DNA sequence: ATGGTAGACGATCTA
């Protein structure tokens, strides 16, 4: 089963690329971030015509997440629980029945947090603390669980072409990195790092200053696998070629394969 | 130190 996360940076601007990519890449489940659309303007009919079930959690102008799935949704949960709920649309969870049992998948868009020293950065850290508490509870279920999305965190220097350029950025602050490590240390495997230590495996290249042409990228899009999911994990791939398309997102799809179907 | 680009929106804000 192929599961992919992709920050598409606007569904209205990216529906053409998304349709081409879906036909080409043939994913079973897709976690989208930054749809930048309200739910009733999301182009669900086009996507449903390819055989996907579509669930969205959008808002006007910014943020917004979605899950596309060839498997029907048994359950959908919108918003990260805790405090007074999410006023920003950054979290959606789907539950599916596979041939090997239940599968839980989350599409998340973690707050950027810039500039540091502001309420935006404290909101990011608070959101990460809430995510950790949510994960503690979900891991008790001992199910295959995938937390996929744009984490807006550069975990290690190897995850940036030029780490020195990010030292004052919210994505590379010690507090952000520590919170990401705390989440992983609950027992998740980070899929791409589980199969390679190679550098230059980035998932984001800024639109500005020729970042793509210079391969000046960062790796901030991840799939975290619970032990039950990791035990069925076979491979991961960063679909980097999509960044060279016309009108690309600044992020590319990150795909994994899980053995959750009958051979 | 600045500005470089992109999307949504309708003035700027977010990234």
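Yeah, the Cβs are placed from backbone N, Cα and C, and that goes for glycine too.
What TrEMBL says about a protein is an automatic prediction, not a curated fact.
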Which one, A:34, A:119, A:190, is listed by TrEMBL in the same Mg(2+) site as A:7, A:150, A:152, A:250, A:251? A:34
For the domain 'Endonuclease/exonuclease/phosphatase' (A:4-251), report the average pLDDT of the model, please. 96
Given the Mg(2+) site A:7, A:34, A:150, A:152, A:250, A:251, its other Cβ neighbours within 8 Å of the Cβ centroid, in chain order, are A:9, A:33, A:109, A:204, A:220, A:221, A:249
Minimum Cβ neighbour count within 10 Å among the recorded positions A:34, A:150, A:221, A:250: which residue? A:250
